[in-house]
Amino acid sequence: MKITIKRYSLPEILGLAALAIFLLFSLLDVSFYVQYISPMLYKAAIFLIIMLIILKEFVSGSNSFESLLGLLGVSTLYFIIGSVTSYTSFIVLGLSLIYSLRDVPFSKVVKVAFIISVAMLFLVILSSKIGFIPDYIEFSSTRVRHYLGFRYSLFPSTIMMNIIAISFFLKQETVSYQRLFILFLVSMYLYLETDSRLTFISSSLLLLANLAMKLIPTVIEKFSLLLKFFTLTYFVNAYLSYWISKNYLRTSNALLNHFFHQADQFLGGRIYLSNRSLSLYGYGILGQKIAWVGNALNAQGERSTDAYLYVDNLYIQILQHFGLIALIIILSLLTATLVKLLRKGQIVLSIIIVSLSFHALIDDLILSIHYNIFWILLGSLIYSNYQFSEERYGEVENDSLRRTVREGY
């Protein structure tokens, strides 16, 4: 017997409650609100998340063969990643949420993420502007960056990119011009305040794709044909990341070396730093603990005085930090998810997943669920009846052929 409250079953309520608490504390942790939260409260939140997940699994009882295989895969990643981070870290807990939310419609998941992300982004920025929490300002010879209440300048713009991607999925061709304009204005404001140029470009491209879909709804069919060429985008980008980083300025072709140098300048030295990290730490089959030093501040608002060396390339970071096995598993899961999305006609989600494969070249933050809710889509691989969206009369396979009414934000 299923208990249902306003279209949400009890297992869904439990799973989404765990997600809401997870997102809330994850986003608090990357802001200066972390100063007001005791370690005991964090431990209590983690315990509550775990209990909600366990209770949800007990109530739902969805233990199919696919789910058991998924549990095996999640457990493997859990122990590999947990061995070099912490078995109760937010990244590791995110794996548990991917598994637990496999039988919850993705549209319900992203609605929760949308509400909490918007609320927390507004709260933290407003709090920093009225002086309740610090607005750290980074000065350099070329730019001034406001952290806006967060512990690094890229955090608010990456949260905003996640919000824009969620909006793209929920609204698609029904999006209003006012909504697109507001999202662009907020994204532009964050760019001007934080100088997060590359993330602003990624956000703008998603907004342009959404605008194109609204102006010419049939353009989605052309996207579907184009996306088939990007099926292996994660493996290709991972290989190119490694090859270019490893051979930076070392090829026998002077023109190629010059091109890589120019690209590195445009990317803020990211290729050089990946090359430096690979030279120092290499990589192994399993992960290793690496003390990369970036510009993010600790909970007290202090920056490390050690020499700067941070890897922003997500593929290189996973390879070095979690190891080759973890990288292959993650790339395989992402590729399989993209293939399934294309097969199911989920073109907008496919566009987002492909765009994230390129954004991963310059930003490791999207490894975390609070910056990238689309990791939850991996659950579609372990649940045969996975629902991508809620529709009054059921789902059809192709986004461009939908005849039902969306229920989105």
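Keep in mind that glycine also has a Cβ here, set from the backbone N, Cα and C atoms.
According to TrEMBL, the protein carries these features:
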type     : residues : note
TRANSMEM : 12-34    : transmembrane segment
TRANSMEM : 40-59    : transmembrane segment
TRANSMEM : 71-100   : transmembrane segment
TRANSMEM : 112-132  : transmembrane segment
TRANSMEM : 152-170  : transmembrane segment
TRANSMEM : 176-192  : transmembrane segment
TRANSMEM : 199-220  : transmembrane segment
TRANSMEM : 226-244  : transmembrane segment
TRANSMEM : 318-339  : transmembrane segment
TRANSMEM : 346-362  : transmembrane segment
TRANSMEM : 368-386  : transmembrane segment
Other parts of the chain folded back onto the transmembrane segment (199-220), taken as Cβ under 8 Å at six or more residues beyond its ends: 154, 157-158, 160-161, 164-165, 167-168, 171-175, 177, 180, 183-184, 187-188, 190-191, 347-348, 351-352, 355, 358-359, 363, 399-400
Which of 12-34, 112-132, 346-362, 368-386 contacts the transmembrane segment (226-244) most, counting Cβ pairs under 8 Å: 346-362
Same-chain residue ranges lying at least 6 outside the transmembrane segment (176-192) that approach it to Cβ under 8 Å: 148, 156-157, 160-161, 163-164, 167, 199-200, 203-204, 207, 210-211, 214
Long-range neighbours of the transmembrane segment (346-362), counting only residues six or more past its ends (CB under 8 A): 106, 161, 165, 168-169, 172, 198-199, 202, 205-206, 209, 213, 220, 223-224, 227, 230, 233-234, 237, 241, 267, 270, 312-315, 334, 337-338, 372, 374, 377, 388, 398-400
Winner by Cβ pairs under 8 Å against the transmembrane segment (152-170), considering only 112-132, 318-339, 368-386: 112-132
Beyond the flanks of the transmembrane segment (368-386) by 6 or more, those residues with Cβ under 8 Å of it: 22-23, 26-27, 30, 62, 64, 66-67, 69-71, 73, 90-91, 94, 97-99, 101-103, 106, 109-110, 113, 117, 158-159, 161-162, 165-166, 333-334, 336-337, 340-341, 349, 352-353, 356
